[in-house]
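Quick look at what TrEMBL annotates:
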ACT_SITE  D171  active site, proton donor/acceptor
BINDING   N26, E409  Mg(2+) binding site
BINDING   K33, H231, L232, G233, N234, G235, D305, L306, R307, G354, I355, G356, E357, N358  ATP binding site
BINDING   R115  substrate binding site
SITE      H203  site 'Transition state stabilizer'
SITE      R264  site 'Transition state stabilizer'
Amino acid sequence: MASGDNQLVRPRCCKMSASSKLLVLNAGSSSLKFKVFGLQPFVAGIGGMFDRIGDAVNCTLKASTPADAKGGKGRKWELTIPAKDHVGAMQSILDFIKDNASNSFAREVVAVGHRVVHGLEISQPVLLTDKTIGKIREAAVLAPLHNPPGLQGIYAAEKVFKGVPQVAVFDTAFHQTMPSHAFMYGLPYDLYEKHKIRRYGFHGTSHKYLVEQAAGILDKPVSETNVITCHLGNGSSIAAIRGGQCIDTSMGMTPLEGLLMGTRCGDLDPAVVLFIQKQLNLSVQDTDTLMNKKSGLLGLTGSNDLRTVIEGAQRGEPRSELGLAMFVYRVQKYIGAYWAALGGKVDAVVFSAGIGENSSNIRGLILGPLKGMGLELDVAANNATVGGCCGDIAAATSRCRLLVIPTDEELCIAEQTLEVVGFPKPTGATAA
């Protein structure tokens, strides 16, 4: 992809025009999400996902455009388009956009931003070069479900958009400001030196976006903003942020550590793993599958969807009640721990992602017992702040603000991509 000196040439991408576009990609094992941004002005445009790549029968492309500024409804598509691999899916996305949004799209793209889950100790978004790709490959041992598909997305984009600069934005990057006492494990030190065993944290793009948005709401510089950000979805994590920088986060060397999640167990005594392997005669791979894909809410209740778990709890189903209580308790415990880590100097607790943005019920359950810490909820504001709304749900007497902020990882990736390739940082995105 890149020259031997790790410099990526940008022959036709150094200037923006009214038609210039930026493409953001997020590749999964059998999926490829995309979002297009216009750059003059900076507006979010068409986006969607290619799903079930490699399945000749069920491979689908779902896409939509946002509502316009005048309230006009956006368009939606759902098409069956066979794609044998990510390169084929990327070409189909390009053809789809040419047919439905811009027939000169391939020439309009001036940069491509990629979400990459694990970057080891890379602390900033970087231009993709041979050296960077080598790091992504090296980190694949720590993110085997995420980094290899990310590389496929990179290779696919490179084939389709030849000569266009590509940027990697890492989930782990934002958390690289954690001090060593927060990121190290209590294991022999040479395991860190030789095998890079340490806590890295994930969802960094979301946590970075949330602290920046919170600072704006609080009318404070990011460098003076202290928040606890709660990214609560099927995968969940919490971060303690002091002065705009992460000082701790709930996920560890992999996304398995921390909160109870949809299919992940979260925090676990390591001896449990050894016991399970011995008692059930499980291989390393089987044990990994058990903890990552068969545990969490799914293992406890039979469903990884918290909405289903809540409905079951409301019917009095004991396992649903247990799963719900465990999910809520883990979040409370981390908020309390990070309150202490920040020395009680917290400007806001922020809720985001699928659960955090949309479940006033869960937010109420989490915050209710924390009233003793001074976190007081405005019940009416909480109930009203759902469905993509941004708002402050704290009572006037609350010790700190309680904010609901819809996350926008694609926007954050787009902004960081523009910075890396040398374009001015946009002031904000609006619907196309």
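Including glycine, each Cβ sits where the backbone N, Cα and C put it.
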Fewest-neighbour residue among binding-site residues, criterion Cβ within 10 Å, set K33, R307: R307
Task: Please compare the recorded positions R115, H203, R264 by how many other CB atoms fall within 10 Å of each one's CB, and tell me which has the fewest.
output: R115
Task: Find the shortest Cα-Cα separation between R115 (substrate binding site) and the recorded positions N26, H203, R264, D305, E409, and name the residue that gives it.
output: N26
- request: Between the Cα atoms of I355 (ATP binding site) and H203 (site 'Transition state stabilizer'), find the distance and write it as a whole number of Å.
  value: 15
Statement: Cβ atoms other than its own within 10 Å of the Cβ of N234 (ATP binding site), all chains, total 17
Message: If I restrict to non-local contacts, at least six residues apart, and a C-beta distance under 8 angstroms, what lies near D171 (active site, proton donor/acceptor) in its own chain?
response: R115, V116, V117, H118, G119, F202, H203, G204, T205
- request: Fill in the CA-CA distance, N234 (ATP binding site) to R264 (site 'Transition state stabilizer'), as an integer in Å.
  value: 9
Message: Assuming the binding residues for ATP are exactly those in the record, K33, H231, L232, G233, N234, G235, D305, L306, R307, G354, I355, G356, E357, N358, what is the maximum CA-CA distance in angstrom, rounded?
response: 24
Neighbouring C-beta atoms (10 Å sphere around the C-beta of L232 (ATP binding site)): 25
Query: Which number gives the other C-beta atoms within 10 angstroms of the C-beta of N26 (Mg(2+) binding site), all protein chains shown included?
result: 23
Message: A 10 Å Cβ contact count, applied to the binding-site residues D305, I355, E357, E409: which residue has the minimum?
response: D305
Message: Rounded to a whole angstrom, what is the C-alpha distance between R264 (site 'Transition state stabilizer') and D305 (ATP binding site)?
response: 12
Query: Which of the binding-site residues K33, D305, R307, E357 has its Cα closest in space to the Cα of N26 (Mg(2+) binding site)?
result: K33
- line: K33 (ATP binding site) to E409 (Mg(2+) binding site), Cα to Cα, whole Å, comes out at 12
